[in-house]
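First up is the structure itself, then whatever we jot down about it.
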Amino acid sequence: MEQMDECCSTQLIDGDGSFNVEGLARFSKAVKLAECGLSYAVVSIMGPQSSGKSTLLNHLFRTNFREMDAFRGRQVATSSFTDSNSCIWMAKCADIEPCTLVMDLEGTDGRERGEDDTAFEKQSALFALAVSDIVLINMWCHDIGREQAANKPLLKTVFQVMMRLFSPRKTTLLFVIRDKTRTPLENLEPVLREDIQKIWDNVPKPQAHKDTPLSEFFNVEVTALNSYEEKEEQFKEQVAALRQRFYHSIAPGGLAGDRRAVVPASGFSFSAQQIWKIIKENKDLDLPAHKVMVATVRCEEIANEKFAQLVENEEWCELEEAAQSGLVSGFGKKLSLILEECLSEYDMEAIYFEESVRNAKRQNLETRLLQLQKLNEMNDSDFADVIMATDVAIKQANWDATKVRDKLHRDIEAHVDSVRAAKLSEITATYEGKLNKALAEPVESLLDAASNETWPSIRNLLQRETKTAVSGFTGALSGFDINDSTLDEMVANLERYARSVVETKAREEAGRVLIRMKDRFATLFSRDSDSMPRVWTGKEDIRGITKAARSASLKLLSVMAVLRLEEDADSIENTLALALVDTNNKKVTSVDPLASSTWEEVSAEKTLITPVQCKSLWRQFKTETEYSVSQAIAAQEANKRNNNWMPPPWAILALVVLGFNEFMTLLRNPLWLLVIFVGFLLVKALWVQLDISGEFRNGALPGLLSLSTKFLPTVMNLLKKLAEEGQTPTAPAPQRHAPLESNYGDNTQVNSDSASSNITSTENGVEHSSSLRQRQVQMN
């Protein structure tokens, strides 16, 4: 081991693959590694040969690894000292907390090793990944994006090795881009990450990790440095900034923040030695099993050391010698203190090792210590003497009767507490269920009604049901002997539960507010005050009905907007009305009262629907209800057109003025009146037969097309029936007792014909009915 400028270093593995056990032990002692516990980190660096790894480490961690001589060409420079073919060196970083150990690995793709380089490259990469928290990968900037870059074999090796190393622990890969060009790091990093992902995707994986993402194995970080030879000052500034990231690197979120499989510092030497041994023997490495192995060896060593120290303890030796002659006053207390001190020292040194192994070895040490006192070999008389002399009781021994008695009391109390807790939990669940049943549905119904009395009614309901539940709850707990503070806490929890039921239901209903608004609008718009469906006859005030229905929906929205379990006044309804409905009366202002995510008078915890959400809901509500309004307007217009056949007043006036001459002609020749009357009857008959109003119900064009096909057949049929009516002879009066049975067959046909030829003149008060004459003929 060498020491220069407060930087300790040692050769960890030589060129032949031999592990320097003694050198690492001296190194660990020199840097006081065992005192670090879990507060230490291990950093290693890998990369192509002569890529400036040692230079980077020396500037970054103030180590003294020997750097490549630029005038001698590319030669192995990993060693800071004698052996030019050395492989892995370790040093302690200067002035960095926590204690940080750095390993400089032999460069990859070097010419010194030749074909053997690949095998050692995989071994050293596996070793670095197994013992390091952070692995620096040194690479040239010009290799980024190149298919045959120098770092590709290295990354493939790292990824392949990690497939055999999978464990809950993740290693941080910090890619250091050397000799950065003018291309910004923001442009280089995505290309590098894409290259890394491609390598990961193409690396053969075990079946268990076919679909495992890269992030399960590595935390990938990227940084870039300028050329040391061309821009030395910038290089040093960038390295100084990078050095700051290694301070407190083991803190959560730090570069070495994942500490789930870390080996305690006192076991690092043994752990590193065993890992290298397994790698050299080409055995798969399983970190969790290795962690147990390290804990087993180290805890056994610590236990043996503490046992040996107790045997040589002067106070113990004096106590043992005095006990040979008889009972010693205060023997139990003195011996308990000695044993407790021994076990405490064991606990302090073994605290960071695997818990199960640590506890097992502690139990074994305690058994050995008690056997050393020969407490388990007492005869009956000795035991009786011990019972009489209570001061000989040893706290660590198991034969003291008080322990059994205390354990019995504890077990009884634990059982009672368990049964009691289960019963209390059952009672609490019962009353919570009652509250949920008593509050959930009524609150939903009240919110659906949405009026000014909604929240006062909900508050009264909550207060009433909570009071009832608390009364029954305290009565059910009266037999459990619960102290006042515990009872008050349980009652408070029940009251909070009742309030939470109301709040939860209110939030659920607020999520369905748009559906509720549309239902309320549809009910009020399409039904009258008697809940009867509206018929749009043309007399209804659609604008007023629409406004009333939307105002009721707005009331629902304002009720749902916030929780009002306290009697706090707010102006949400007025704000919504002014902003959404009364747009004509709204003052001209540049500030939208609903362009906010909070209400002025209401805290965020009580807000169910924010102002901006109200505005969005109202816009959607209006869009989805416009169709119903437009349909009502269309139906009203159609009804008006169907029922209004009279010409407008100006047309009537025009007819009177322009038709004066014709009117005078009619007065001079009354025969024209008879012709007009007959024509009127014919038109009326055609109107009825053709059902003109019904045909035009579906529109003008469909009505005209239908009438054009029916007009001529209807006229011909009408004329035929009139002709038949004229040819029918006058029949005598019917006989009262004429038989009717024989005429049933003809009666059907005659009635059918006569029904279509009834023509009535209301002006003359005379009714002509061919059907009457037909019945008289049949009866004769």
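Backbone N, Cα and C atoms are what each Cβ position is placed from, and that goes for glycine too.
Here the structure is a predicted model, which means the values were calculated and not measured.
Features as listed in TrEMBL:
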BINDING   G47, P48, Q49, S50, S51, G52, K53, S54  GTP binding site
COMPBIAS  744-780  compositional bias 'Polar residues'
DOMAIN    37-259  domain 'GB1/RHD3-type G'
REGION    726-780  region 'Disordered'
TOPO_DOM  1-646  topological domain 'Cytoplasmic'
TOPO_DOM  692-780  topological domain 'Cytoplasmic'
TRANSMEM  671-688  transmembrane segment
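Here the features listed in TrEMBL are placed on the structure.
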{"residue": "G47", "record": "GTP binding site", "CB count, 10 Å": "24"}
{"residue": "P48", "record": "GTP binding site", "CB count, 10 Å": "23"}
{"residue": "Q49", "record": "GTP binding site", "CB count, 10 Å": "21"}
{"residue": "S50", "record": "GTP binding site", "CB count, 10 Å": "18"}
{"residue": "S51", "record": "GTP binding site", "CB count, 10 Å": "26"}
{"residue": "G52", "record": "GTP binding site", "CB count, 10 Å": "24"}
{"residue": "K53", "record": "GTP binding site", "CB count, 10 Å": "27"}
{"residue": "S54", "record": "GTP binding site", "CB count, 10 Å": "24"}
